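Please read the structure below before turning to the comments.
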Amino acid sequence: PTACCRSLLYIIYSWVFNEFPSFVAEDSRRFISQDTGNLYISKVQPADVGSYICLVKNTVTNARVLSPPTPLTMKTDGVMGEYEPKIEVHFPTSVLAAKGVTVRLECFALGNPVPTITWRKINGNIPKKARLRKSQAVLEIPNIQLEDSGTYECKAENPRGGTAFKGHLQVYTLPQWTRMINDTQMDSGEKLQWECKATGRPRPTYRWLRNGLPLTSQDRIEIVNGELTIHKVQQMDSGMYQCVAENKYGATYSNAELKILASAPVFVPNPIRVIATLGKDVSIECKPRASPKPRITWKRGDRRIQPNKRIMLLRNNTLRIVNSSRADEGSYVCRAENQLGSAELTAILWVKEAMRVELSPTRVEVTVGESVVLSCKATHDTSLDVAFQWFFNQKPINFQQDGGHFEYVQTQSSTVDLMIRNILLKHAGKYGCQAQTSADTVFAEAELLVRGPPGPPGVVIVEEITDTTATLSWTRGLDNHSPISTYNLQARSPFSLGWQTVKTDPVTGDMESAIAVELNPWVEYEFRVVASNAIGTGDPSAPSRAVRTKEAVPSVAPANVSGGNGRRHELVISWEPVSEEFQNGEGFGYIVAFRANGTRGWKEKMVTSADSTTYKYRDETFPPLTPFEVKVGVYNNKGDGPFSKVVIIHSAEGEPRDAPSDVKANSVSSSEIRVTWKPPSPGPGRPRGYEVSYWKDTEQEESGKKQRTVKNETSMVLTGLEGNSLYLITVKGFNSIGQGPASAAVTAKTRKAPPAQPPTNLMWIQDGNNVTLSWDPVKAKDNESDVIGYMVLLKQEGRGHNQVTRTINPSTTLSLPEGGTYTIEVRALSEGGEGAVSSQVRVVTSSGVRAKNNQCSVHCLPQSLTWTALLLVLLVPSASW
């Protein structure tokens, strides 16, 4: 091993090999301990010889420190033989870890061959959350828990032997509260009981503090573990208390303040008004603020109240009057007294007539979508204010949340309405109106019945299944106050577009079973039932379990039987495959039957794949385009099904047999060659098009290019060719079956490229409506086509009028059709095509001003020309316009 300094918190170790940033890669042979910082190499190899530098990084500050280089050399005086493993790095024999942290156990061995490291937990299993890292040299257990405690063993083995190391992992937890103490206020003389509880490993012990000083059992104070009891508390017991739970790894505190109250009796508010309902019970409370608890007495006028059957003094000092009457009205006085003083509370009792509430209508039936109004009227003492609240099934109605259906309407001071709009089935139930005054609370209730479509039927059960029928049963759902008239049975299969109605006998509302008919054999179905009544159709039932109908002989023949094409001597037969929905069972396939037209016996071939769409029959004896009678049938494990109708299909005519004739190729320009040919003789294998192949004489045919005709044309112009190059060209026919033979290759040479030099030194002179132009002749270079003439283009700006003039001379005369602005361009013509364009001549037919940039030609203007007839001509490069 190569040594480095000891590991500290937030420190990461790595090693640099020879030079930065070439780091040592850890594997089964090399290991860097994050506990010791050392680098261990179990079996040194020549590639390990070099200089090693220890790099220590602080992950908090990102600071780095490098050690001095440590050289590693290999001895040359001998060869190290194989030896058994020796564990060089291991975790301590006793590992202590706090609950919730990540524990890393290191184990690495030296040896030759390189040892293999394995881990196990004695008398248990390694936690599933544990991860093996660094070629199993590190066992990492995240979020350690108490159950992860135990003895762990790492074992190093190679072919020479093995060794092991064991260590005990103990998980501890700091104390954590499960019950804490809270601030408390008490009257002097009362009994205080506080209890605190905590969990921890090891189990915590408890002690108590008052105002920071230890508290022990004495006189009125009892302490038993986490329980504190103080008998007959006094003012001196006031203060801050702490319950301390601690074990060897830490402590936790629970704090609370104890206040001992001491005050003379006080009543707030005083006096008070109490309103009672005639004939009902009334309670007058007496709750003074006082400490210690005061002695309470009641009197009416000057007389002390003596309890009897109708007037009672409760334990909480409340005065209760049963079946109150007008005679009970008046003032009542509650006197409270303790050693610190006394106080009196005056209560004035009024007895009012009982309130009555009328809710109408008390029972109403409506249909889904309709609206209804419930009216609530209260009759009460006019001196009292009344407040209303509406309830639905004993719960207050939230008009903001349910405003879409419910509306609160105040019609009079003592009457309110509940408007229910666009009623749904869920609105059926009990509606309550509560009227409340300071003397009384009265509740009235009405019932709302909602008629609507039926609810979903109960569980659908498939009682019996055949190849085309299913017997179903179900339980009735809610009729929602309108009798169920009919049931509709629906089915869904992998081949249907959602749920579809299945055929049954009529299913009336009193029935709870039916038979679905005309199902497809060997298809998996789900069924559901929908009920209807006079209001409408309800929600469907839950789907039944999926069931498959039984197998049957196929009943559907393939459609669109056709064919043709194929190679020579082939009969190709095709059809549309039968959907799995109609295959009716396993082992589905096709029977292909055919016979030559006019013969008696049918040839039948089995096609075992249900997805097949074609069958090819080959016979060298029949000629092309032989007509056959063809039909295609079906079968499965249950038997043979029907055949399709007989159709006539011709055998293939084959690919073209002859090559096109009279192929000719002529150069059109430096980049184009025109190819023509004649079609082969009529007969089987007629071409549907032609393919032209072409390549330069310096190339191989395989590297050439190909072009196909769009239809059955017999000519083509090849474009994009290189100038002054010899090309070889072949033509072959093709159809849907394949390609025919190619014609003999013909040759054609593209012409030289047109001159790259444009006409220059353009000069002009005007005479009336005519403009005479001249220019210097263009001379072709050796690699360019000879000039055979010139093309002059006259364009009128803004009108789209173009005029082209061709001439063999370097001059021409142009006639201007009408007034306006014109541009003139000149190009040389050659066998290789058109040459480069000249500079533009711009001619403006206007009177008055001559263009500033006009340049005078070497020709002089005749004296007889007037300025109003002058043509303004500007010779400029076309890009400047």
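Just so it is clear, glycine is given a Cβ too, placed from its N, Cα and C backbone atoms.
Note that TrEMBL annotation is computational and uncurated.
Residues or ranges marked as domain 'Ig-like' in TrEMBL: 1-67 (among others).
The domain 'Ig-like' annotation in TrEMBL covers 85-170 (among others). Shown for the domain 'Ig-like' (85-170): DSSP residue counts in helix, strand and coil, namely 3 helix, 53 strand, 30 coil.
Averaged over the domain 'Ig-like' (175-259), the predicted model has a pLDDT of 92. Marked as domain 'Ig-like' by TrEMBL: 175-259 (among others).
Annotation source TrEMBL lists domain 'Ig-like' at 265-346 (among others).
The DSSP breakdown of the domain 'Ig-like' (355-449) into helical (H, G, I), extended (E, B) and coil residues amounts to 3 helix, 56 strand, 36 coil. Residues or ranges marked as domain 'Ig-like' by TrEMBL: 355-449 (among others).
Here TrEMBL flags 456-552 (among others) as domain 'Fibronectin type-III'. According to DSSP, the domain 'Fibronectin type-III' (456-552) comprises 0 helix, 40 strand, 57 coil.
Among the features that TrEMBL reports, region 'Disordered' is placed at 539-562 (among others). Same-chain residues lying 6+ beyond the ends of the region 'Disordered' (539-562) with a Cβ under 8 Å from its Cβ atoms: 453, 455-462, 465-468, 470, 472, 474, 477, 490, 492, 499, 519-530, 573-578, 582-586, 588, 590, 630-645, 647, 649.
Positions annotated as domain 'Fibronectin type-III' by TrEMBL: 557-654 (among others).
The region 'Disordered' annotation in TrEMBL covers 655-690 (among others). Counting only same-chain residues 6+ beyond the ends of the region 'Disordered' (655-690), those with a CB under 8 A from a CB of the stretch are 567-568, 623-625, 708-724, 727, 729-744, 746-754, 785, 831-833.
Taken from TrEMBL, the feature domain 'Fibronectin type-III' applies to 659-753 (among others). Taking DSSP states H, G and I as helix and E and B as strand, the domain 'Fibronectin type-III' (659-753) has 3 helix, 47 strand, 45 coil.
Among the features that TrEMBL reports, compositional bias 'Polar residues' is placed at 664-673.
Under the heading domain 'Fibronectin type-III', TrEMBL lists 755-848 (among others).
Taking residue pairs at least 6 apart in sequence, the domain 'Ig-like' (265-346) and the domain 'Ig-like' (175-259) share three or more C-beta contacts under 8 angstroms.
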